[in-house]
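Novice: There's a structure below that I have some questions on.
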Amino acid sequence: MDSETFEKSRLYQLDKSTFSFWSGLYSEVEGTMILLSGGIPFLWNLSGRISGRAGFGPEYEIVQSLVFLLLATLFSAVTGLPWSLYNTFVIEEKHGFNQQTLGFFFKDAIKKFIVTQCILLPVTSLLLYIIKIGGDYFFIYAWLFTLVVSLVLVTIYADYIAPLFDKFIPLPEGELKQQIETMAKSIDFPLTKVYVVEGSKRSSHSNAYFYGFFKNKRIVLFDTLLEDYSALNKEPAEEDGENEETKSKPKNKKQGCKNEEVLAVLGHELGHWKLGHTVKNIIISQMNSFLCFFLFAVLIGRKELFAAFGFYDTQPTLIGLMIIFQFIFSPYNEVLSFCLTVLSRRFEFQADAFAKELGKAKDLYSALIKLNKDNLGFPVSDWIFSMWHYSHPPLLERLQALKDAKQE
């Protein structure tokens with residue numbers, strides 16, 4: 001890392017840390033004020049009045065719950081908007097990552113809100129209905145329902161939801177695609193398609209992932225990951241014309257990885273599949289979900305929980321879900337989050353080792369350095385802070401493991 005890039009990454013990390021502190025503090029203060037001022041019962045009563053004017057009385061609890069959910073998510077979107085604007089157009093802009101215009105940002109935010117409501121409201125209404133009619137074992141049916149919903153969303157996300165926000169194009173025929181298909185075949189990965197997503201329209205950060213179940217796997221590469229495809233590496237004259245929604249920012253150095261390095265990154269990602277990390281994460285998630293629904297069934301009948309949050313005469317199911325999942329489980333969720341972070345770091349080392357077994361240690365080593373520079377990742381981190389917060393091991397630890405592999 002040259003001294004200029006090191007200093008840039010240090011300042012970027014400082015800005016992100018400062019932003020994270022103040023936005024987190026605001027979130028805590030806002031949540032505390034809502035609780036102390038009776039904001040939750042106020043919003044519930046307001047939802048009741050709105051649904052009542054539409055002809056739905058108190059007996060239509062699910063309708064009132066959906067109005068409450070709509071108002072709550074709208075409030076959250078509005079109060080979070082200034083923070084999102086500052087993060088995108090001040091911090092990310094300052095450090096050269098933002099590629100959005102203000103118009104693109106707001107169009108994207110509105111679209112996200114609408115898509116979220118189209119998924120959230122029907123799913124919540126069905127979940128509440130299942131809890132209402134499920135009898136003594138409703139928690140089993142509720143858990144099974146959320147399991148099916150999560151699997152469906154994972155299946156359809158990249159094909160039907162993600163294209164609403166970003167353009168996906170098949171990776172053109174050529175050496176890279178042929179090499180990806182050969183590597184996938186060598187480890188029996190059932191690859192069906194490889195896509196490139198135009199991530200450069202919103203940010204110059206890079207990424208890659210795979211998705212799909214059973215024999216229908218797809219790989220998605222961000223154009224910012226590929227040195228030969230990134231729009232950020234093109235001269236202004238090479239563009240088809242500047243898009244009104246994105247900005248043209250010539251860069252002094254090339255961004256992205258060479259083909260061999262892209263293959264090494266994919267070798268790491270496919271290692272997660274081959275080693276069963278994805279399946280293990282799904283199993284852990286569903287075991288936790290079942291436990292939470294079981295404890296919810298145990299606690300939902302306790303009126304003192306509702307009274308503590310200002311609900312003395314009614315015990316709405318949605319409010320019960322909010323109180324128990326968001327507040328009562330909060331300490332448990334912190335411990336679980338730490339355990340999952342530790343597990344995630346272990347998985348990352350294992351995936352690196354898998355890429356090493358494919359003979360990609362040298363290329364992954366250089367790719368990690370290059371991606372760290374492109375994303376202005378700061379390579380120095382306190383071990384206690386990183387242990388608690390970072391789902392991926394610090395760069396120097398990963399490089400040391402790969403360096404040992406290269407020497408071997």
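Glycine too: its Cβ is placed from the backbone N, Cα and C atoms.
What TrEMBL shows for this protein is this:
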- 1-167: domain 'CAAX prenyl protease 1 N-terminal' (DOMAIN)
- 170-404: domain 'Peptidase M48' (DOMAIN)
- 236-255: region 'Disordered' (REGION)
- Glu269: active site (ACT_SITE)
- Asp352: active site, proton donor (ACT_SITE)
Novice: Looking only at Cβ atoms, how many others are within 10 Å of the one on Asp352 (active site, proton donor)?
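Specialist: Result for Asp352 (active site, proton donor): 25 neighbouring Cβ atoms inside 10 Å.
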Novice: Work out how many Å separate the residue listed as 'active site' and Asp352 (active site, proton donor) at their Cα atoms, rounded off.
Specialist: 9
Novice: Ten-angstrom check, please: count other Cβ atoms within 10 Å of the Cβ of Glu269 (active site), all chains counted.
Specialist: 18
Novice: Along the domain 'Peptidase M48' (170-404), what average pLDDT does this model show?
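Specialist: Averaged over the domain 'Peptidase M48' (170-404), per-residue pLDDT gives 85.
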